[in-house]
Every structure is written in structure tokens, then in C-alpha cells.
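Chemist: Pulled the feature table from TrEMBL, pasting it below:
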type: DOMAIN; residues: 24-56; note: domain 'LRRNT'
type: DOMAIN; residues: 183-236; note: domain 'LRRCT'
type: SIGNAL; residues: 1-22; note: signal peptide
type: TRANSMEM; residues: 244-272; note: transmembrane segment
Amino acid sequence: MSPPGRPWSLSLVFLLGMASEGINCPNRCSCQYLEVNCTGQQLQEFPVDIPLDTRQLILAANNVSYLPAVELSFLADLVYLDCRKNLLGDDLDFTFIGVVRLVYLDLSFNNLTQVTFSTFSHLLSLVVLKISDNPNLVAIEKDAFANNTWLRHLDVSRTGLTFLDTSTVRDLPNLRLLGLSDNLWHCNCSFLDFITWMMESNVHFPDADNITCYTPAGLRALRMSAAEAQLHFSCLTQLYKQDYIFLCLVGFCIFLAGTMAAWLAGVCAVIYEVHASKGEEEEEEEEEEEE
């Protein structure tokens, strides 16, 4: 049998705990155990007073244009960060330096313009990264995800990308899903290596029917499998002006080298014959003198 008054004491502890959580919850946000949800609150800035033990932070559908690295670094246990549908720009380098345990990051529907090595290089535990629907995203550096070796789900659909270096995604050992649809892919000879990797990779490409060429005009709206066949033919058989110039130079060098070699051989032969004939004449003179 419980001691008298114990149920009241337990209720008091529970209420005090709820009160303490309420005090630490940011304004206009809702807080549950280890989760802070500020969805659709028209926030202009990163919220203050976020509990330091927060594991999941949702800032979706606001007007936040800047993520302060210092404030984020206080949330050392953060594993889930949803910042989709905000106004985040291209000043994200070193932003996530203090949230090294982050596993899920959604930056879709923002104003990103580029991804550099410094953008996500500290997120060594990152598994899911969504940067789709950033129409101004035009560049992803070759080694942008070099440190994100645990990355399994990467989405760069519906951006302004025209090119992606093959090594950027090929060197991700755990990558299983890659979103590439509705981008402005420029299907030239430089992009052939990436297309070939797509055809041979075990990675799944959702919405594959919408992964098509945007330029050049002759390949527009062509799916990657069809584009690969045409590019293989044109890129591996076509010679450009500089190629012909190079071949002419090589041929001239070979001709010149052969001519010089033949001339030197002829000179050596003549010299040898002269020395040989002089030697014979001297031998004959010596024999005549002895007689």
C-alpha cells in the first residue's frame, strides 16, 4: 500500500516538470519531450530559449534567412533539423560546425546558391540531406560531400544545377537514393561520365522519368538512357578542330623525326665509308712499300 500523500507528490513533480518545459519553450513554438516545433509561425529569426537537450527542431514554413552557428552549437544533441520553406541563402559555410550528431537535415525550398566543402563537412553522421527546390542552386563543389560518408539519401531535385561531377556522389559508399529530377542538366561530353555512372550504379533515382536533358536543344527532354547512347556516339567518334591540329602536329613531328633519323643514318654511313676506304688505301700503300 502506498504511503499517504505519495500520489500528490508524484503529481507535483510531474507538474513542475511540465512547468519547467514550458518556461524553456521558445515563443510561438510547441515543445514536447526533446522536440521543438515552430512550424508556420512566421518567424523572422532563429528562435531563442530552445532547450539545450533538444533532439528534434522543426522550423519549417517560416521566414528565417540566417542560422546562427553559435546558437546552433549549443544544441549539441540535435539529430533532426527541418528548415524547409524558409529564406536561407548561400551563407551556410561553417553554420553546422557544432551539431556534429545531426542525422537528418532538410533545407529544401530555400534560396541556396551553392554548396561548398565547408557547408556540410562537419556533419560526419549525416544520413539524409534534402536541398531540393532551391531554384538558385547552381553549383555543388566536387568535394562538397567528401566527409559525409554515411549519407544514404540525397535530394537535389528541382534546382538550377546543370552539371554534377561524378566523384561528388560516386565516392559516397552508403548512398542508396539520389534525387535528380527536373534540373537543367547540360548533356554534353563532359556530362557523359556522370550519365554512364547513373546507368551502371545501384543507387535508386526516384522520379527517373523526369531526369532529362535541358540542353543542348537536340537532346532536350531526352531521358538519360537515350542521351547516353547519343553522347557515346558523338563524343567518342567526333573530332574537333583542336583534335585535327593536334594530330597534324603529331604527324609532322613523327615525319621530322624520321627524316632526321634517316639523314643521320646516311651521314654516318658516308663517314664510315670514307674511313673504310682510307683504311684500305693505307693498307695497300704499306704492302707496296714492303715489296
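Using the three backbone atoms N, Cα and C, a Cβ is placed for every residue, glycine included.
Where the annotation comes from TrEMBL, it is an automatic prediction and has not been curated.
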Chemist: Just give the helix, strand and coil counts over the domain 'LRRNT' (24-56), going by DSSP.
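Modeler: Per-class counts: 1 helix, 7 strand, 25 coil.
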Chemist: Any idea what the model's mean pLDDT is for the domain 'LRRCT' (183-236)?
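Modeler: Mean pLDDT across the domain 'LRRCT' (183-236) comes out at 94.
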